[in-house]
Each structure stands twice: as C-alpha cells, then as structure tokens.
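Copied over from TrEMBL:
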- 34, 35, 36, 37, 38, 39, 57, 122, 127, 149, 173, 305: NAD(+) binding site (BINDING)
- 73, 80, 149: CoA binding site (BINDING)
- 29-214: domain '3-hydroxyacyl-CoA dehydrogenase NAD binding' (DOMAIN)
- 216-313: domain '3-hydroxyacyl-CoA dehydrogenase C-terminal' (DOMAIN)
- 170: site 'Important for catalytic activity' (SITE)
C-alpha cells in the first residue's frame, strides 16, 4: 500500500510539474524597443542564442548604426570563440545577423512576438506611452518587460491591461559580456510570466536573480548609495578621491574605485537615479542630494563621455 501511495504521489507531482511547465511561454520571437547600447546588446544575445529578433527604433539611420554596432560586437565575440576556426566564426556572425530584422513601427511587428523588451530613455511618461500603444496590437500571450534600472516596474505596467504579463528584465552593460539579469516581479506579475522570463534568461546564457519591485532592485540599490557615500566622504574632506578609489580597489578587491565608476557610468545617469529615489522617499538619508555631483552635471561634466567628471580625461 505504501508503495502504491508513493507511486501515486510521484505521478501527481510529475503531472503537476508537466502541467505547470506546459503553461509557460517558450520565448522564440523577441521584439526589442530601442536600438541604443542596451537594446542592441539584448538583440544581439537573443539572436545569438537562436531567437528571432525585431529591433525597433525611431529612424532607419539609428537602426543602421545599431546593426553596425552589433556586427562589430559579434566579430569580437567570434574572434575569441572561434579563434582556431575563422570560417565558423564568420558563419556565426552571418547567422546571428540574419536573425535580426529592423523596423521603425513597433505596432506593426508585435502582433506575432512572444516577448517585448523595452530599452529606451529612462522617462516614465515616454515608456508608458510606448507600452499603452503596443498593448493594443500585441497578442494576448505576449509578455512585456522593461529594462529600466531606476523606475518602478509597477508604474510602467499600469499603463497596460496586461499587468500579469509584465515584469522587469534588467540587463547590465555591456550585455554580451555581463552574465547577470535581474528579473523583477511586481505584485501583479503572474507566476507563469515570471517562470517564462527565468527560462528565457537562462536560454540567453545569462544568470537570473529575482527581486521584488523595490527602488534600484538589487545591484543599483546597493551600488548607488555606496558610490554617493564615497562622494560624501570626499565632500567632508575625510579623504581624497584618489585615496578613496585606491582603498576600495586594494582593500575591497573592487576592479574600479567609486569615483572611477561614477565617471564611467555617467554622472547624469547616477543623478537621474538618485533624483527619482529622492522623490519617492525624501526622508531617506541615503537618497539626499549631492552638491558636487549636481554641480558637475550642471556644468555638463558628466564623466568619461564628456572628457571630464570627478577626473579629467584626455
């Protein structure tokens, strides 16, 4: 009798697992909105792992620039991956590029896609308008995801009628090299959607981590306050920028010091994130404005990309 019971439990368990698995969306067709650095990177890794991708941006010129960047990135990957077989490397590049098509009209291409990943400007109004429009044209099964690093996923999802099929997929720059993806589940995100995105992330060869819809998710919620605490230490005159950077590299084993990283990321990007968090929770001491950061951004000294930030670059 015990044996029969065990067999019955195993049977029920396996059928339940199979049923749950059957309900998940297997993502094959991906639409990426935004052909910038992040969007192009997401399109590249999706195409390189056997997905059919449509990359969407506002103009043909922007899309041509994106595809050129993707091709250059793929050739770097191929050179390393197929070092002893250049012909196989060329085939890999051509096959991946053939899986990426482009469009300037998102509404016309989302009807047959399994997943829409948005990677456009960090502006709630703009993102909401895009998703509201696409919600009318996308198939019922289509999952929507935002690559935002600072906005709340719930606020973006509320612009649609598919809050249960909406989540965050936060990739890291550069996308082809960085293994981590934060999968953000809102209170409305269904388990089916969440599991489908976990599977998709793994299919890309990435390592997913899960987080609730909290400001900054995991990495930025820990990283940005650390960066700004380093600036406060400097502003108080407790230590120089150079010594703070050296201390964190040699003492904590970090590859870059906080000021080097701030300049690399872009001071405007960091300020944008902190301003958003400050609006949400003005009493939080970690979210308070940083005078030197605000001054540098106002002077358009944004870091490496402008030639000067906390450090000067030739």
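Backbone N, Cα and C atoms are what each Cβ position is placed from, and that goes for glycine too.
Minimal Cβ crowding within 10 Å, among the binding-site residues 73, 149, 173, is found at 173. Nearest to residue 170 (site 'Important for catalytic activity') in space, judged by Cα atoms and limited to the binding-site residues 36, 127, 149, is 149.
Counting other C-beta atoms within 10 Å of each candidate's C-beta, the binding-site residues 34, 36 are led by 34.
Residue counts for the domain '3-hydroxyacyl-CoA dehydrogenase C-terminal' (216-313) under DSSP, split into helix (H, G, I), strand (E, B) and coil, are 64 helix, 3 strand, 31 coil. Rounded to a whole value, the Cα-Cα separation of residue 149 (CoA binding site) and residue 38 (NAD(+) binding site) is 11 Å.
Here residue 80 (CoA binding site) comes close to no residue that lies at least six apart in sequence on the same chain with a C-beta under 8 angstroms from its C-beta.
Taking CA atoms as the reference points, residue 57 (NAD(+) binding site) and residue 73 (CoA binding site) are 19 Å apart. For the CoA site listed in the record, the two most distant Cα atoms among 73, 80, 149 lie 30 Å apart.
Sequence-distant contacts (6 or more apart, same chain, Cβ under 8 Å) of residue 127 (NAD(+) binding site) comprise 118, 120, 121, 146, 148, 151, 156, 159.
On its own chain, residue 38 (NAD(+) binding site) has 119, 147, 171, 173, 175 as residues at least 6 apart in sequence with a Cβ closer than 8 Å to its own Cβ.
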